[in-house]
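Novice: Heads up, here are the entries from TrEMBL:
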{"type": "BINDING", "residues": "H15, H30, H32", "note": "Zn(2+) binding site"}
{"type": "ACT_SITE", "residues": "C26", "note": "active site, proton acceptor"}
{"type": "ACT_SITE", "residues": "H70", "note": "active site, charge relay system"}
{"type": "ACT_SITE", "residues": "E111", "note": "active site, charge relay system"}
Amino acid sequence: MIMVLGRHFEFEAAHFLPDVGTFGRCSRMHGHRYELTVEIEGPVNSDGWICDFKELKGVVQEQVLDRYDHSNLNDHFEVSTVENIASQIFSALTHALDGKPYWLKKIKLYETRNCYAEITAN
């Protein structure tokens with residue numbers, strides 16, 4: 001049986017967007033409490049699980065939280081939109097999970113409570 005497993009993470013980071021004409025007041029330095037939901041998909045093994053939540057947490061810790069938590073996102077991205085950040089996170093997690101018996105299905109990155117970017121694997 002194939003099943004989806006998900007875990008929620010949070011990190012805080014600051015950024016600014018480069019063009020006041022395009023991005024308005026977001027062109028000034030400001031911060032967000034980002035919320036990230038990561039979903040993996042795979043077969044349930046004979047022990048009754050897809051993967052240990054601790055293992056998934058470790059991958060996200062290394063690939064996302066250690067890089068971006070309490071950082072200036074402009075040090076990591078030319079244009080630090082939620083779309084660009086989500087795309088890089090999706091790519092990093094996909095690569096980090098390569099060879100595992102499960103795979104990345106979807107991420108959802110909230111920049112604010114009401115605004116997010118979502119990427120689903122094909």
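Residue numbers in this text run from 1 along the chain shown.
Here the Cβ of each residue, glycine as well, is placed from N, Cα and C on the backbone.
Any TrEMBL annotation is an automated prediction that lacks curation.
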Novice: What Cα-Cα separation, expressed in whole Å, is found between the residue listed as 'active site, proton acceptor' and H32 (Zn(2+) binding site)?
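Specialist: H32 (Zn(2+) binding site) has its Cα 11 Å from the Cα of the residue listed as 'active site, proton acceptor'.
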Novice: Among the recorded positions H32, H70, point out the residue whose Cβ has the most other Cβ atoms within 10 Å, with all shown protein chains included in the count.
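Specialist: Counting Cβ neighbours within 10 Å, the top one is H32.
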Novice: Near the Cβ of H30 (Zn(2+) binding site), how many other Cβ atoms are there if near means within 10 Å?
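Specialist: Around H30 (Zn(2+) binding site), other Cβ atoms within 10 Å: 11.
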Novice: Given the recorded Zn(2+) site (H15, H30, H32), which additional residues of the same chain have their Cβ within 8 Å of the Cβ centre, ordered by sequence?
Specialist: A13, A14, F16, C26, M29, G31, L73, S80, E111
Novice: For E111 (active site, charge relay system), find which of the binding-site residues H15, H30, H32 come within 10 Å, Cα to Cα.
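Specialist: So the list reads H32.
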Novice: Compute the C-alpha separation of H30 (Zn(2+) binding site) from H70 (active site, charge relay system), stating it in Å without decimals.
Specialist: 12
